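Enquirer: According to Swiss-Prot, the protein carries these features:
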ACT_SITE  Asp263  active site
BINDING   Asn194, Leu195, His196, Glu197  ATP binding site
REGION    1-318  region 'Ribokinase'
REGION    343-473  region 'Cytidylyltransferase'
Amino acid sequence: MKLTLPRYDQAPVLVVGDVMLDRYWHGGTSRISPEAPVPVVRVEQIEDRPGGAANVALNIAALGAPALLVGVTGEDEAADSLTDSLAAAGVEAHFQRIEDQPTIVKLRVMSRHQQLLRMDFEEPFNTDAAAMAREVEALLAGVKVLVLSDYGKGALQNHQVLIQAARKKGIPVLADPKGKDFSIYRGASLITPNLHEFETIVGGCADEAELVSKGAKLMRELELGALLVTRGEHGMTLLRPEHAPLHLPARAREVFDVTGAGDTVISTLAASIAAGEELPNAVALANLAAGIVVGKLGTAAISAPELRRAVQREEGSERGVLSLDQLLIAIEDARAHGEKIVFTNGCFDILHAGHVTYLEQARAQGDRLIVAINDDASVSRLKGPGRPINAVDRRMAVLAGLGAVDWVVSFAEDTPERLLKQVQPDVLVKGGDYGIDQVVGADIVQAYGGEVRVLGLVENSSTTAIVEKIRNK
């Protein structure tokens with residue numbers, strides 16, 4: 001399947017479930033307490049992040065989709081912090097605020113990016129289930145997907161009322177389940193247990209065949225539209241009636257913290273389905289999103305640009321021939337990793353040894369090399385009738401195959417000035433024996449603080465000379 005990122009801005013999603021505040025105390029540790037054999041943490045920073053169902057809504061909003069949230073909090077400072085954080089992120093929150101009961105807070109003590117301790121502050125909520133159902137039913141009219149984010153904390157009292165209300169309106173219901181009784185999710189469009197949660201219900205699975213068999217049985221018993229089992233480092237398995245199982249390998253480049261990964265999966269699924277994606281594509285996007293979020297510390301959201309870059313990597317556009325839009329995203333990703341962007345341009349009609357040497361020298365000026373080449377019409381204008389010898393797609397393919405070249409892009413004008421204004425490379429490189437002031441686009445690059453460098457050409461290497469030699473034979 002070919003992955004693309006859908007338009008999330010017209011894909012409203014309603015999340016209902018257990019909201020909580022993830023609080024982090026960050027500090028340094030340099031000694032052991034004289035009172036007990038425990039480290040002493042000197043707290044230097046306190047950070048609050050939305051957690052649980054609130055993190056699901058936050059992830060949906062971070063992708064650019066309208067996010068609505070229904071949940072239960074106390075009447076306290078933690079609820080105020082949650083409300084403020086969600087409002088700042090564009091989440092429309094509808095909370096039942098209950099006096100004399102605390103908002104759920106999970107406090108983590110961190111030192112040097114390591115979690116030393118977690119403390120949970122929570123009590124069972126006396127939720128007004130009827131009032132919540134009325135609130136949800138009223139909000140369903142303006143959304144395309146309903147998410148039940150269930151942490152078993154008491155916000156969700158009557159799952160079936162909510163599922164049936166959504167089904168009557170033709171709205172898909174996605175549930176992130178919890179507990180030992182999955183029958184409460186009967187009739188959901190999709191549930192997303194992790195492997196441990198799944199095996200708690202169906203028993204241990206010795207291999208994938210047993211997982212598929214038990215999953216199919218569970219779907220039949222609960223009348224589910226689909227089942228997605230998240231399996232950590234083994235990826236995900238999507239099961240659907242009348243379809244072959246879809247196994248997706250894990251995509252994490254580096255696992256730093258799995259906190260909130262399940263929230264990221266269901267939020268990306270929900271936003272993608274709301275945006276019109278077919279389920280296999282939505283699952284593939286969720287798999288990529290999970291691979292990104294486990295590389296972050298703590299409860300975290302991913303943005304649409306981050307997911308778009310992951311899609312590009314998946315589709316092989318991290319290197320090679322790119323469109324301008326793809327190139328700009330790739331550059332953004334490279335700069336986020338502190339890489340220096342080098343730019344050169346030319347016709348590159350017949351690639352020869354001089355070109356290869358020059359491009360290797362250009363690549364050495366930074367971390368990433370962009371080669372911009374004139375399209376066929378502009379080469380003809382510059383070089384005259386009979387040129388180019390090779391069409392632009394062939395010239396680009398040859399350049400993309402060189403180890404020194406990261407990205408190849410074409411332009412239609414006679415000069416790359418428009419492209420330079422959009423790309424804004426750190427270094428503009430040209431080959432020749434002329435001064436910097438004669439380099440086309442030098443003024444553009446220097447105006448924003450970039451560098452311009454002129455590299456010497458390899459002697460006795462000329463495309464024009466090669467063409468003339470061939471024609472004279």
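Note: Cβ is positioned from N, Cα and C throughout, glycine not excepted.
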Enquirer: Taking the Cβ of Asn194 (ATP binding site) as the reference point, list residues of the same chain whose Cβ is under 8 angstroms away and which are at least six residues distant in sequence.
Expert: Val229, Thr230, Arg231, Gly232, Gly262
Enquirer: Please work out the helix, strand and coil residue numbers for the region 'Cytidylyltransferase' (343-473) from the DSSP assignment.
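Expert: Each residue of the region 'Cytidylyltransferase' (343-473) counted once, the result is 53 helix, 26 strand, 52 coil.
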Enquirer: Taking 8 Å from the centroid of the Cβ atoms of Asn194, Leu195, His196, Glu197 as the cut-off, which other residues in that chain fall inside it around the ATP site?
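Expert: Those within range, site residues removed, are Pro193, Phe198, Glu199, Thr200, Val229, Thr230, Arg231.
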Enquirer: Across the region 'Ribokinase' (1-318), what does the mean pLDDT come to, as a whole number?
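Expert: 90, rounded to a whole number.
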Enquirer: How big is the gap, in Å, between the Cα of Glu197 (ATP binding site) and that of Asp263 (active site), rounded to a whole number?
Expert: 15
Enquirer: Quick one: pull the CA-CA distance for His196 (ATP binding site) versus Asp263 (active site), whole Å only.
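Expert: His196 (ATP binding site) to Asp263 (active site), Cα-Cα distance: 16 Å.
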Enquirer: Suppose we draw a 10 Å sphere around the Cβ of His196 (ATP binding site). How many other Cβ atoms does it contain, all chains included?
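Expert: Neighbour count, Cβ to Cβ under the 10 Å cut-off: 10.
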Enquirer: Compute the C-alpha separation of Leu195 (ATP binding site) from Asp263 (active site), stating it in Å without decimals.
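Expert: Asp263 (active site) has its Cα 15 Å from the Cα of Leu195 (ATP binding site).
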Enquirer: Could you check the recorded positions Glu197, Asp263 and say which one's CB has the most other CB atoms within 10 Å?
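Expert: Of the recorded positions Glu197, Asp263, the most buried by Cβ count within 10 Å is Asp263.
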